[in-house]
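What Swiss-Prot records for 10-30, 48-68, 107-127, 147-167, 202-222, 250-270, 280-300 is transmembrane segment.
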Amino acid sequence: MMSAMETNMVLILTIFYNAYFLLAISSQLLLLYLMLKCQNRSLHEMRIYLFNILGLQFISTFSAFVLQCRLKRVTLKHFCRIVPSSGTVAMLCYGPCKYLGNIVCEVLFHILQTSLIACATALIIAFYYRYEMLTNNSFTRSGHYKQLVISYCVPLVFLICEVLSPNDVNKLVAELTVLHPTYGLENYAILGFSDVKTVAASSQTLMLMIGLYGTPFIALVFRKKIIKILHSSRSYHAEKIVQTKSMIQGLTLQTLLPLICYCPGFTYYIYSQYTQSSSLFVEFAVSPYGFVYTIFDPLLTIYYVLPYRRTFKAIFSKHNSTTSATFVHSETARRVA
C-alpha cells in the first residue's frame, strides 16, 4: 500500500504529466501547421529534417499516451520513476499501461528511449546538411535519405543493447520488496534491468552518456564551422546569412535542451548506482525532466526558423486585423442605428 507521501507525489506527477502532454502536443501541432502552411523555397529540403525531428517528438510524446483510448479520462499513460537497487535499475510505471501488463509498458519504454536518442542524431544530421549546403551548395535527394538511414543506425544499436540487457522482473520485484518495503509495488507495472553490469547494459549506458554529452559538442563544432563560413564568404545574400545564422542558433539550443533536461535524472541514476542510496522525493522529482524539452523544442523551431516566425506573425496580425475590423463595423452600425 502506498504511503501518504507517495500517494501525494503520484497525484502531483499525474497532474504535471497531463499538463505536459497538452502543452507538448499543442506546440508540436502548431509547428506542423506552420510547416505545412509556409512554402518557402529556401526550406524545401530543410523541411525533410525538420519533419523528421518533429515526427520523432510526436512518437516520444505519444508512445506514453497511445493506450489511453481504453480509459475514460485524459491521462498520460506511461510515466516512470527510476528506483536504484543493488546492480539493478527498476522503472515503476504508474498509468493505464499497467493494466495491460509489463510487456506493453516495456515496449513503450523502449520506444520512448529509442525515439529520444533518434532525436539527438536527427539534430546532428540537420547541422551536417546545413554545413554541406554551405560548402558544396548541393545535396541530392538520395543523399537526404542516406543521411536519414545513417542517423537511425545509432538508435537501432541502442535499442538492440536495451533489448538484450537482462530484465528479470521477478528479481526486480524481490529486490525492491526487500530494499524498499514501504513502496506500494502493487500499484505499479515494474520493469527495468536486473543486471546493469553486463556488456549490453554497459554499452547502453555508455551510448546514453555519449549521446547526452557528445551531441551538444558535435553541434557546437558544426556551428563554429558554419558561422566561420558565413563570416568569411561575401557571395551570400544578406537575407540568407541572417536566416542561416538564426536557424543554426535554434538548432544549437535544441541540442542543449536534452542535456539540460536529462542531466538531473541521469546524474541521479549514476549517483544512486555508486552510493546505493535512494530518495522517494528525488525519484519523483527527477522523473519528468527527460521529456520536458519536447514542449520547447517546436517553439524554438518556430522562433529561430525565420520563415515560420514570419508566417506565425502574419497569421496573428491577420487575426487581429479581422477582429478590429469586425469591432469597428459593429460599432459603426450601432451608432447609425
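Cβ coordinates are placed from backbone N, Cα and C, and glycine is handled just like the others.
Note that the structure is a prediction, hence the values are computed from the model and not measured.
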So which of 10-30, 107-127, 147-167 is most in touch with the transmembrane segment (202-222), counting Cβ pairs under 8 Å?
107-127
Give the nonlocal contacts of the transmembrane segment (147-167) in its own chain as ranges (CB under 8 Å, at least six residues past its ends).
48, 52, 106, 110, 113-115, 117-118, 121-122, 124-125, 128-129, 191-196, 198, 200-201, 203-204, 207-208, 211
